[in-house]
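Database features (Swiss-Prot):
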BINDING   Gly38, Pro39, Asn40, Gly41, Ala42, Gly43, Lys44, Thr45  ATP binding site
DOMAIN    6-222  domain 'ABC transporter'
Amino acid sequence: MEKPIIEFRNVSKKFGNKLPINNVSFTVKKNNITTLIGPNGAGKTTIVRLMLGLEKPTNGEIIIDPKLKIGYVPQKFGLTPDLPITVKKFLDLLAPSNFNSNIKEINSFIDLEHIKDQEISKLSGGQFQKVVLACSIVNKPDLIILDEPLQSLDVTSQQEFYQLINLIRKKLNITVFMISHDLFTVIKNSDQVICLNGHICCSGVPNEITPNSEFSNALSSLGFYTHHHDHRH
């Protein structure tokens with residue numbers, strides 16, 4: 001069996017008297033799409049900060065290759081709506097040394113050519129998300145972490161986004177770790193789903209989320225109403 005790209009072993013993190021995550025264990029498999037879901041305050045942000053090395057666990061162990069290259073797209077990406085800079089210039093600022101060679105490969109499946117000269121402020125939600133994806137992979141990471149990437153997208157744009165994610169992981173052999181509240185989309189498009197509420201409530205593959213299953217009941221108890229959907233192909 002191939003070694004997981006990240007492994008949490010009985011990890012707890014304490015901030016003062018608060019314990020946002022307690023005894024959390026899970027693995028992220030290479031080249032999979034793993035999605036972490038949970039209510040507000042469940043500890044999802046703490047998990048990401050631990051993955052990025054911004055926090056250290058109070059207890060437990062996180063096994064991660066120190067050479068692992070990670071691309072991260074936070075929930076609030078930090079671009080102002082009136083940013084007077086073109087898409088090409090923005091990406092060039094991110095990775096000037098290898099932009100030209102890498103962006104050609106990225107452009108072959110993200111298709112930024114027709115928007116490269118547009119200002120960031122003029123982009124639609126779907127177009128902006130393409131730029132965000134390009135930002136996360138322009139330096140060819142082993143893993144990308146996406147925090148709530150679907151929030152401002154309509155249903156059509158969400159599906160286009162997942163199609164791009166699948167192309168990215170297949171063409172560049174990238175592992176994807178995502179945080180989302182959209183259970184329906186998660187079920188259709190993830191290889192593994194982890195439900196967090198301070199601890200791991202349930203985890204598994206989407207086809208295990210069947211009516212009255214332990215997985216489904218755990219999700220329902222947190223306000224995620226489930227019914228069976230076919231796993232993505």
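Placed from the backbone N, Cα and C atoms, the Cβ positions cover glycine too.
Annotated features, which come from Swiss-Prot, shown on the structure.
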residue : record           : contacts (Cβ under 8 Å, 6+ apart)
Gly38   : ATP binding site : Lys44, Cys195, Leu196, Asn197, Cys201, Leu222
Pro39   : ATP binding site : Asn197, Leu222, Gly223
Asn40   : ATP binding site : none
Gly41   : ATP binding site : Pro20
Ala42   : ATP binding site : Leu196, Asn197, Gly198
Gly43   : ATP binding site : Lys13, Pro20, Ile21, Val24, Leu196, Asn197, Gly198
Thr45   : ATP binding site : Asp147
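The local packing around Lys44 (ATP binding site), expressed as other Cβ atoms within 10 Å of its Cβ over all shown chains, amounts to 24.
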